[in-house]
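Here's the structure we're looking at; comments come further down.
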Amino acid sequence: MEKKPAFLCRNPHTLNTWRDRELYSLRMQRNREKMEREKTEQHQNQFKRKLRVCVATCNRADYSKLAPIMFGIKAHSDEFELEVVVLGSHLIDDYGNTFRMIEQDDFDINSKLHTIVRGEDEAAMVESVGLALVKLPDVLQRLRPDILIVHGDRFDALALATAAALMNIRILHLEGGEVSGTIDDSIRHAISKLAHYHACCTRMAEQHLIAMCEDHSRILLAGCPSYDKLLLTHRKDDYMDIIKSWLGDKVQDRDYIVALQHPVTTDIQHSIKIYGLMLDALLSFNKKTLILFPNIDAGSKEMVRVMRKKGIEQHQNFRAVKHIPFEQFIQLVCHAGCMIGNSSCGVREAGAFGTPVINLGTRQTGRETGENVLHVRDADTHNKIYHALELQFGKRYPCSKIYGDGSAVPRILKFLRSIDLDEPLQKTFCFPPVKESISQDIDHILETQSALAVDLGGTNLRVAIVCKRGNILKKYTENNPKTFEDRMCLILKMCKDAIQDAVSINCRILGVGVSTGGRVNPQEGVVLHSTKLIQEWSCVNLRTPISDALHLPVWVDNDGNCAALAEKKFGHGKGVENFVTVITGTGIGGGIIHHYELIHGSTFCAAELGHIMVSLEGPECSCGSRGCVEAFASGMALQREAKMLHDEDLLKVEGIDKLCEPITAVHLITAAKMGNSKAEAVLHKASTALGVGIVNILHVVNPSLVILSGVLGSFYQEPVQHVINQRALKSAQSIKVVSSHLEEPALLGAASMVLDYATRRTY
């Protein structure tokens with residue numbers, strides 16, 4: 001037995017040394033803290049409410065997708081409380097009273113709702129939806145679930161989603177975003193618009209939901225839940241017993257056909273015709289066939305009449321059934337020589353086994369399919385379908401996992417745990433940018449909606465009246481005062497003068513946008529920290545004094561961010577989802593647009609692109625560090641290098657005896673263009689540093705476009721593109737670098753803040 005340290009075994013009163021007593025006290029304190037933490041956690045868990053999840057199932061097909069989730073929820077009863085509602089064809093004798101298999105799976109059914117109006121025509125479907133809407137409110141009010149899980153595209157599911165949405169119950173929709181080409185599409189998309197959360201099966205379905213303006217953060221790419229079960233259980237040793245129990249003792253593996261055809265409610269007559277031709281082809285093909293009755297949609301009654309008229313139920317090669325348990329159905333599809341019809345099972349689950357499938361008609365048009373599916377869109381005789389059977393029967397295809405990998409349920413349960421019941425219930429939509437509508441308000445027609453733009457630079461203070469089209473109607477320029485008080489007085493004076501002039505040129509000023517150097521909190525309108533070029537300009541609240549004096553809303557942001565906003569509204573960035581603007585002027589700055597939104601960062605210093613380090617031992621930067629892009633490639637850096645060359649008499653070029661003072665970056669560029677090798681070397685180093693900095697941006701943000709703004713933008717465009725082509729990852733080398741055509745990006749960006757927000761209904 002391991003011997004404990006002596007100081008842990010002794011009575012504290014017998015501890016002689018100071019260190020022994022200290023260690024003993026520390027150990028006892030830690031034990032007390034641990035016990036208090038455990039007690040607190042137990043108390044919190046005791047009062048933590050379980051998430052009430054209601055699963056509503058309407059038919060045998062959707063239960064096969066919902067059952068794995070239900071088992072998962074039941075297995076985590078400490079976190080979830082499962083409520084089960086059964087309605088639709090589950091409760092109809094003609095369709096096998098399939099609610100019994102839910103009970104056999106040991107689920108307690110909280111409510112059974114008879115919602116189907118018989119008739120199997122269009123009117124009956126509408127009446128069934130209405131009947132469900134009449135009965136559901138009482139059930140949902142009694143169960144009071146936190147979230148309702150709805151599957152697919154059935155009219156019963158539409159009634160569930162409608163009732164839950166109107167009763168302010170959160171909805172998780174399974175298998176939204178898919179396309180099948182029938183009325184099911186309309187119902188499926190309608191449910192998606194009512195749902196608050198989505199668990200889709202494929203990447204394409206996810207993209208469809210995003211295109212439908214659904215919030216990407218509420219979309220889970222989970223895969224199909226039924227795959228969790230079928231990928232684990234389809235290779236059972238007793239599969240021949242299952243096959244023989246349904247098709248007789250003489251049938252062999254892969255020597256029979258599974259047929260399942262449903263009506264297409266938007267073209268019932270065509271559905272009936274294709275169904276009859278399918279039966280004729282199967283009769284001629286002379287193979288053992290397991291045929292399932294169609295679902296309860298409009299047209300199913302006529303299809304059953306066709307089946308009975310052809311004597312299918314009495315034919316020796318056919319076994320006609322209304323329902324097969326899902327686990328057994330998996331075995332039958334997996335080992336079939338072929339599956340035929342228009343069931344989604346053919347294009348989804350059958351692909352996981354490589355079972356050959358013949359898809360008939362238009363019901364699954366638009367679905368993603370594996371190579372195992374052969375489509376027969378239309379036929380006038382049964383010969384085309386017969387030929388398809390000859391091509392497909394008995395083949396084996398590679399297994400396809402388009403619709404899932406067997407891990408959907410753990411993903412969905414994790415997604416359910418992440419749902420915050422305290423966040424607003426009202427869902428929001430992520431609409432793409434649209435062309436601005438023409439206002440019919442008489443005031444807007446008679447006046448030009450405009451913004452007052454203010455640009456605070458290191459030397460000049462500028463104010464401009466900017467219209468919605470981005471035209472600068474009038475501009476005012478003054479020297480930027482050195483003190484805070486003088487600067488604020490001048491800003492207000494210039495703004496008031498501009499507002500008076502706006503009346504004479506028929507402009508309505510909607511607000512004031514301010515572009516300034518330094519780090520800015522745009523939410524509060526406060527300059528947190530200024531650059532060295534603008535004195536007495538830290539911790540300055542710009543919004544309040546300007547708004548109080550002018551009685552207008554005021555927006556404030558960093559000049560780099562404003563340049564990005566200007567490009568987004570008026571320049572190369574218009575309509576581009578992700579791009580970066582880099583200002584190449586006195587300093588180096590910029591802004592990042594990601595998913596059409598400007599990125600500010602947690603402490604409002606995102607996009608400080610000039611301070612990306614490209615060298616550990618480079619020249620000193622204005623920020624106090626070394627090796628920043630700005631220390632190599634800014635106008636000030638080039639001016640510094642030009643002066644050094646000039647002082648050493650190395651900036652000379654043929655034909656020019658003496659350079660005009662003061663020496664600037666322009667002299668350096670001119671000397672390089674005229675063949676001065678020293679100037680060329682400086683500019684090559686600056687271009688490379690800027691290019692490497694932009695390559696780092698591409699690898700972090702991965703925009704689709706880089707816009708170079710400022711006086712040096714056009715000069716740097718070509719060499720920066722060259723560096724990207726040489727040094728960027730292959731996937732980023734195709735990103736284009738363009739030079740801005742905007743003459744006043746800071747003013748236009750300041751104006752865009754006003755024009756984008758002030759013209760919204762709400763902001």
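Cβ atoms here come from the backbone N, Cα and C positions, even for glycine.
Fair warning: this is a prediction, and the values are worked out from it, not measured in the lab.
Database features (TrEMBL):
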DOMAIN    77-416  domain 'UDP-N-acetylglucosamine 2-epimerase'
BINDING   ARG519, THR531, ASP559, GLU608, HIS611, GLU630  N-acyl-D-mannosamine binding site
ACT_SITE  ASP559  active site
BINDING   HIS611, CYS621, CYS623, CYS628  Zn(2+) binding site
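Annotated features taken from TrEMBL, shown on the structure.
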| residue | record | CB count, 10 Å |
| --- | --- | --- |
| ARG519 | N-acyl-D-mannosamine binding site | 18 |
| THR531 | N-acyl-D-mannosamine binding site | 20 |
| ASP559 | N-acyl-D-mannosamine binding site | 26 |
| GLU608 | N-acyl-D-mannosamine binding site | 17 |
| HIS611 | N-acyl-D-mannosamine binding site | 20 |
| CYS621 | Zn(2+) binding site | 22 |
| CYS623 | Zn(2+) binding site | 15 |
| CYS628 | Zn(2+) binding site | 29 |
| GLU630 | N-acyl-D-mannosamine binding site | 27 |
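A separation of roughly 13 Å, to the nearest angstrom, links the Cα atoms of CYS621 (Zn(2+) binding site) and GLU608 (N-acyl-D-mannosamine binding site). The N-acyl-D-mannosamine site is defined by ARG519, THR531, ASP559, GLU608, HIS611, GLU630, and by the 8 Å test on Cβ atoms against their centroid, the other residues of the chain that qualify are GLY517, GLY518, ASN558, GLY560, GLY587, ILE588, GLY589, CYS605, GLY610, CYS623.
If you compare every pair of Cα atoms in ARG519, THR531, ASP559, GLU608, HIS611, GLU630, the residues listed for N-acyl-D-mannosamine, the longest distance is 16 angstrom. For the Zn(2+) site, the Cβ centre of HIS611, CYS621, CYS623, CYS628 serves as reference, and the other residues of the chain with Cβ at most 8 Å from it are GLY610, MET613, SER622, GLY624, SER625, VAL629, GLU630, ALA631. Rounded to a whole value, the Cα-Cα separation of HIS611 (N-acyl-D-mannosamine binding site) and CYS628 (Zn(2+) binding site) is 5 Å.
The separation of CYS628 (Zn(2+) binding site) from GLU608 (N-acyl-D-mannosamine binding site), Cα to Cα, is 11 Å.
Spacing of ASP559 (N-acyl-D-mannosamine binding site) relative to CYS623 (Zn(2+) binding site) is 17 Å (Cα to Cα, whole number). Annotated pair CYS623 (Zn(2+) binding site) and THR531 (N-acyl-D-mannosamine binding site), C-alpha to C-alpha distance, rounded: 9 Å.
Cα of ARG519 (N-acyl-D-mannosamine binding site) to Cα of CYS628 (Zn(2+) binding site): a distance of 18 Å.
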